[in-house]
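**Q** Supplied in structure tokens, the structure appears directly below.
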Amino acid sequence: ADAIYRTIAVCRFFLGVGVGGVYPLSATTSAESAKHDGHDSRRVGWAFFWQVPGGMAPYLVALVLFWLSPNPSPSGEFAEYPGLTSMQFRVIMGLGAIPAAIVLWLTVSDHRMAEPEGSHIESEAIQTSSGGVEASGEAHEVPGSAPIHEALTHPVYFRLLIGTGGTWFLYDVAFYGTSIFLPQILDAIFETHSTDPDSPGHALTTAAWQAVLVTAVGVPGCIAAISLIDPPRGPRWILVAGFSTMAIAFSLLALAFTYEATSNKLLVILLFAFVSFAMNFGPNVGTYVLPTQAYPAEVRSTFHGLSAGAGKLGAVVGTFIYEPISLKYGLPAVMWTQAGLSVLAVLLSVSFLPLDSTLQDAGEHDEEVDADSGHRGGDLGEPLLA
């Protein structure tokens, strides 16, 4: 068993390296795959959407394999077929290589992937009304061709990174932290004590279909976010609306558990659906899309990767902080913490992210300098960086 876990850990490291590269590259490729037509955000959002059904696939495969198997004994073992469970596990793991192999083949065979159609579009200079502005009030322009190390130290990029990376960090703290109390919510709904040691086979089936259910409930929220992310709204609006909805959803769920209203199954189901919808509406899509709109082409993939890395750091934090909170203060305290983080993410979005109108203007490379404000196509949002 130890050897299996060590092997999986090593493989997951390399998987993380690959996914860490695919995240920013797939996002920027989607954003640059066509000329600016006002639907860039939606295009990137749909590229992100497919990870949702992809996340459901392993559990669906597990259910199919389990249903095709001989009836297990009460202990969950297949006495007549020793090693069958181990084989099923390896089949599920191995099938994961098929989509990756298909993508690899398509990438190699499609020469356009090396030179996206939109790569010729000139990047827009990022401007700000403070920090990078002279005392006279002139806008300080950040050269789009600045090297990565120069961009990393520039105050405008740094403030943007606080916005794109910070919101992703807070979202993943909340998103991955839900694993702490999700089993209790599901048990309150279905009364399926899936951890019953007397029936591990039943536990596996229960865990699989509940995971499918949890993912499926979030699909409408993801689709709603993609539908609303194009102008006149935009990724910043989606983030603010989504985090606000998350704060409300977690607060309501915390109140339900505080006042022991969980005996009302319909209420718990509705609140659970609301939380799942809220977590997928807005931040789940917006954090992925926003870096493709906020940064110029020369540094877009790098800063998207940094933002995603901040999110994964949030996932680690979320995994460790909630159990001590739950043990000391109870489950409602975990949910209030989730709500508080969502409010903090709203403040971060409002304070450090450019206005959606600014992002739309930045996409038009032929935008004239505004005679009244002296800024090209709108600055990064004067209220934001003031």
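Glycine too: its Cβ is placed from the backbone N, Cα and C atoms.
A TrEMBL annotation is a machine prediction, not a hand-curated record.
Here TrEMBL flags 1-357 as domain 'Major facilitator superfamily (MFS) profile'. The region 'Disordered' annotation in TrEMBL covers 118-141, 363-386. Annotated transmembrane segment per TrEMBL: 6-25, 46-68, 88-108, 168-186, 206-226, 238-259, 265-290, 302-322, 334-355, in sequence order.
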**Q** By a Cβ-Cβ criterion of under 8 Å, what residues six or more beyond either terminus of the transmembrane segment (265-290) are in contact with it?
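**A** Beyond its ends, the transmembrane segment (265-290) has Cβ neighbours at 23, 27, 41, 44-45, 48-49, 52, 163-164, 167-168, 171, 174-175, 178, 185-186, 188-189, 214, 217-222, 224-226, 229, 235-236, 238-243, 245-246, 248-250, 252-253, 256, 307-308, 311, 345, 353.
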**Q** Against which stretches of its own chain does the transmembrane segment (206-226) lie, if we need a Cβ under 8 Å and a gap of at least six residues from its ends?
**A** 42, 45-46, 49, 52-53, 55-56, 59-60, 62-63, 66, 182, 186, 190, 192, 194, 238, 242, 272-273, 276-282, 284-286
**Q** Could you give the mean pLDDT over the domain 'Major facilitator superfamily (MFS) profile' (1-357), rounded to a whole number?
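**A** Taking every residue of the domain 'Major facilitator superfamily (MFS) profile' (1-357) together, the mean pLDDT is 77.
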